[in-house]
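Trainee: Take this structure first; my questions come after.
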Amino acid sequence: MKLELDMFFLYGSTILPECILIFSLLIILIIDLTFPKKDTIWLYFISLTSLLISIIILLFQYKTDPIISFLGSFQTDSFNRIFQSFIVFCSILCIPLSIEYIKCAKMAIPEFLIFILTATVGGMFLCGANDLVTIFVSLECLSLCSYLLCGYTKRDIRSNEAAIKYLLIGGTSSSILAYGFSWLYGLSGGETNIQKITNGLLNAETYNSSGTFIAFICILVGLAFKLSLVPFHQWTPDIYEGSPTPVVAFLSVTSKIAGLALATRILNILFSFSPNEWKIFLEILAILSMILGNLVAITQTSMKRMLAYSSISQIGYILIGLITGDLKGYTSMTIYVFFYIFMNLGTFACIILYSLRTGTDNIRDYAGLYIKDPLLSFSLTLCLLSLGGLPPLTGFFGKLYLFWCGWQSGFYLLVFIALITSVISLYYYLKIIKLILTKKNNEINPYIQAYIITSPTFFSKNPIEFVMIFCVLGSTFLGIIINPIFSFFQDSLSLSVFFIK
């Protein structure tokens, strides 16, 4: 009996952060059904409190030894704890970004928070999924909530179109991924646990068969769709442009973090017997993403479409760390993902704030913004320059470590293209900054002329401005303490299943 209780508490502790979020979304659902006239402040309070408790628990658990629980379907180690913390952290920042937007768009608040929390839970389970069934169910939990969030502004035709496109593309990619899983299930003798599948393929000597190659291609294509890698990226700009901007901010980071954690686990465990092969394919996808993402971003007139192509190029940079395959490469990848959260969400906070005050996201309508709102102009400038990797901002140090690890591992062409495309990205970022900062009074557009600042002080009560300032500070000053951050993540990742011998 004592052994059973110990196992219960051990297994329960591995999914305690997820259980807290599930409990909170059930409370929100009950409140929504029970009280017709409810105070929305309490709903936000419950959501944010549960997320804060979850991330505190994750931070206490990040250095625990790897634990396989629930009959091998879930694995807890330092790698997935870090990525789960990133997902929860993104949700904490994205909920304040949505408060004013939801109020202006007259959207239902309880359902929105339920979808955000459910997507967060799905992403967290996906980071530690150790079984094909668990992977697929977690992925669909995240995906289905993403589709619903994209179409949440039901009165907006563009939002409905984005939701339908995302549903069709997402369903197709999930089907391709499931087809690849079915090949592995058959070739391994009916196993669903990813370690047992690898052992089954090695024991049956089918790891070099055409069936395994088909499974690998299908899984890689499915993952490439989820990560918006070229040439499987076509859906991304349309979804970014049509969906509510806070939803885009949420999906632009959480879906990539969860997808990256899944790709790392699958490629390092399922296909550990052929690392050179999958690295070649990933290198090609990363190069295409960096080149096409940055070149097409130059031609965009919408801020959200520009950020869509920018995110495509950013995931290309992040893949450099995964391709290197060693501890330093994974550490640099993790650091850049952490920095990317601040840079990307800071940029989206600026866009949300500007679109709420003007109703536009066209790049040319930002002309002369510095005259009316210096704080917003300064914040957007710093976030864009950090995304471009301009020293001495945070993005520069993230890219520096990433490129250096790739160069040390011998991926010279990959790093060279990354450097060239980073310079190209500075062009379209600086083009926007020039537009914001250099227009004269007689050239100001009508949107800026009618622009009204609701809270011009630095210490703002506006939650969007609070998140914006927080992310700007992270995008600007985190690079100063890059060495302690690198040591922290390196020590943590050294305890993950990928590096424990």
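Going from the start of the chain as shown, residues are counted 1 onward.
Placement of Cβ uses the backbone N, Cα and C atoms for every residue, glycine included.
Not my notes, these are from Swiss-Prot:
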- 15-35: transmembrane segment (TRANSMEM)
- 40-60: transmembrane segment (TRANSMEM)
- 82-102: transmembrane segment (TRANSMEM)
- 167-187: transmembrane segment (TRANSMEM)
- 212-232: transmembrane segment (TRANSMEM)
- 244-264: transmembrane segment (TRANSMEM)
- 278-298: transmembrane segment (TRANSMEM)
- 307-327: transmembrane segment (TRANSMEM)
- 333-353: transmembrane segment (TRANSMEM)
- 378-398: transmembrane segment (TRANSMEM)
- 410-430: transmembrane segment (TRANSMEM)
- 466-486: transmembrane segment (TRANSMEM)
Trainee: When you scan the chain for residues with a C-beta under 8 Å from the transmembrane segment (244-264), skipping those not six or more beyond its ends, what do you find?
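Mentor: The answer is 79-80, 83, 86-87, 90-91, 94, 97-98, 101-102, 105, 107, 116, 119-120, 122-123, 126-127, 129, 135, 139, 142, 146, 149-150, 152-153, 156, 159, 223, 226-228, 304, 307, 311, 315, 318, 322, 330, 333, 337, 340-341, 344-345, 348-349, 351-352, 355, 361, 498.
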Trainee: Per the definition of 3+ C-beta pairs under 8 A with sequence separation of 6 or more, do the transmembrane segment (378-398) and the transmembrane segment (466-486) touch?
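Mentor: By the criterion, they touch.
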Trainee: State the non-local partners of the transmembrane segment (167-187) in its own chain: residues 6+ outside its ends, Cβ under 8 Å from one of its Cβ atoms.
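Mentor: Beyond its ends, the transmembrane segment (167-187) has Cβ neighbours at 132, 135-136, 139-140, 143, 146-147, 197, 200-201, 204, 206, 209, 211-212, 214-219, 221-223, 225-226, 232, 235, 270.
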Trainee: Tally Cβ pairs under 8 Å between the transmembrane segment (410-430) and each listed stretch (40-60, 82-102, 307-327, 466-486), then give the stretch with the top tally.
Mentor: 307-327
Trainee: Going along the chain, which residues at least six beyond the ends of the transmembrane segment (307-327) come within the CB cut-off of under 8 Å?
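Mentor: For the transmembrane segment (307-327), the sequence-distant neighbours (Cβ-Cβ under 8 Å, at least 6 residues beyond its ends) are 227-230, 233, 236-237, 239-241, 248, 252, 256, 260, 263-264, 267-268, 275, 279, 282-283, 285-290, 292-294, 296-297, 300, 333-334, 336-337, 340, 344, 347-348, 351, 387, 399, 402-403, 405-406, 408-409, 411, 414-415, 418, 421-422, 425, 490, 493-494, 499.
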Trainee: State the non-local partners of the transmembrane segment (333-353) in its own chain: residues 6+ outside its ends, Cβ under 8 Å from one of its Cβ atoms.
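Mentor: For the transmembrane segment (333-353), the sequence-distant neighbours (Cβ-Cβ under 8 Å, at least 6 residues beyond its ends) are 82-83, 86, 89-90, 93-94, 97, 100-101, 245-246, 248-249, 252-253, 256-257, 260, 303-304, 307, 311, 314, 317-322, 361, 376, 379-380, 382-384, 386-387, 394-395, 397-399, 401-402, 462, 464-465, 467-468, 471-472, 474-475, 478-479, 482, 485-486, 489, 493.
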